[in-house]
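Asker: Here it is: the structure, laid out below.
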Amino acid sequence: MRLDVVTIFPDYLAPLDLSLIGKARRDGILDVRVHDLRDFAHDRHRSVDDSPFGGGAGMVMTPGPWAAALDHVVASGPTEDAVVPHLVVPGPGGVPFTQALARRLAAEPWLAFACGRYEGIDERVYEHAQERMPVTVVSLGDYVLNGGEVAVLAMVEAVGRLLPGVVGNAESLVEESHEGGLLEYPVYTRPARWEDGGILREVPPVLLSGDHAAIAAWRHEQRVARTAARRPDLLPASATTGALEDLDVRVAVPADAAELLVLQRACWVREGLAARGRWVVPPLAEEHADVVAGLGEWTTWVARVRSGEGAPARLVGAVRGRPSPGDPATWEVGRLMVAPDLQGRGLGRALLELAESHAPEGTTGYRLTTGVLEDGNQRFYRRAGYRIAPGEPTYPGAVDLVKRRRR
Ligand code: JD8
């Protein structure tokens, strides 16, 4: 793969001489060429910036040197596999740089990187470049750097290490974070028993067992737990879809009431807004004491993400059930809630089935209530076999749904 980098700070890219990327260059796997933008600035001061049109702080990089530098790079090709490079321009407003993007770029024979500085590069340079080669503006992350060089160092390493022959055992590329969505498992090496200033720290025994199946299972569990604790947004659907075993599900106790109150307010706020004061939405009208009282009148289950080291286990879902006060053959289900950021992954369905499964012998049907304006919820319950109940709903602004219990 050929990589060209244009910058006003060539020394910033010196780390690419080191370690695996440095070796890959010496092994001819990577052909990295760094160009000094000032070599393409031909005024007395070799200036590459000027004050911004329209005013404002800082300076903007002028188009002339950039156009000349990029044309020089293109003209110094083609490589045997590409006529022009794919130009990657780091910028805080770019598309997020991810492992998936790194994999896509690693499949390209020729990449060029334009490192901006100051307040950025004159916008016409992007037009100039787009007329000659593919251009992608890429951001390393949602924070502000002073220039593109650091981003290029990270991108070249993330892309370069994916090329065959760069990382010794390609096997290790497989089980990494962001490959397959789960974070990596904790790693240990000798000594198995570490004397740390009077504290004996031991390696998890399973890792010393030689039982590879048990080790693989433990490592997967650690990856799910860590991901759930640190990056629930990465959790593949499978991790929360119906897979309650990935979660810590228990019968709620008064100590859970505070978090339950927070979760129910978060899950019913949209319904509350829709009501616009026309009716009371009970979960929003409750205080902590009401939630505690509810734990006495219903059996409530809480689902927590089994968190990794030390991180508190997050309450991500709940549901409750009880024999209907007026008709014990009917099992009432209520307060089904899933943290808004985890909805749509099947956890709600799993919790509904959990509550239904606890209906006692003799139960002939289920009954629950949801918001009359909550079309999504009503569709969800219909998909679970519920139908609108005849007659007046349990409370204003609601609709009751019932389902016969199948034997
Ligand atoms: C390129 C100039 C500095 C940015 C005024 C600060 C990437 N994730 C990222 N954060 N910041 C950058 C980045 C910042 C750059 C340049 C990349 C060129 N600056 C500018 C706009 C606000 N100064 C980045 N990738």
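A Cβ is built for glycine as well, from the same backbone N, Cα and C atoms used for every other residue.
These numbers come from a predicted model, not from an experiment.
Relevant sequence annotations retrieved from TrEMBL are reproduced here:
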- GLY116, LEU140, GLY141, ASP142, TYR143, VAL144, LEU145: S-adenosyl-L-methionine binding site (BINDING)
- 247-406: domain 'N-acetyltransferase' (DOMAIN)
Asker: For the binding-site residues LEU140, VAL144, LEU145, which one has the sparsest Cβ surroundings, going by other Cβ atoms within 10 Å?
Answerer: VAL144
Asker: Identify, in sequence order, the residues in the chain of GLY116 (S-adenosyl-L-methionine binding site) that are 6 or more apart from it along the sequence and have a CB within less than 8 Å of its CB; answer 'none' if there are none.
Answerer: MET61, VAL89, PRO90, GLY91, GLY147, GLY148
Asker: Which number gives the other C-beta atoms within 10 angstroms of the C-beta of TYR143 (S-adenosyl-L-methionine binding site), all protein chains shown included?
Answerer: 7
Asker: Looking at Cβ-Cβ distances, which residues of the chain lie under 8 angstroms from ASP142 (S-adenosyl-L-methionine binding site) while being 6 or more apart from it?
Answerer: PRO92
Asker: Taking the Cβ of GLY141 (S-adenosyl-L-methionine binding site) as the reference point, list residues of the same chain whose Cβ is under 8 angstroms away and which are at least six residues distant in sequence.
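Answerer: In sequence order, the residues whose Cβ lies under 8 Å from that of GLY141 (S-adenosyl-L-methionine binding site) (at least 6 apart) are PRO96, PHE97.
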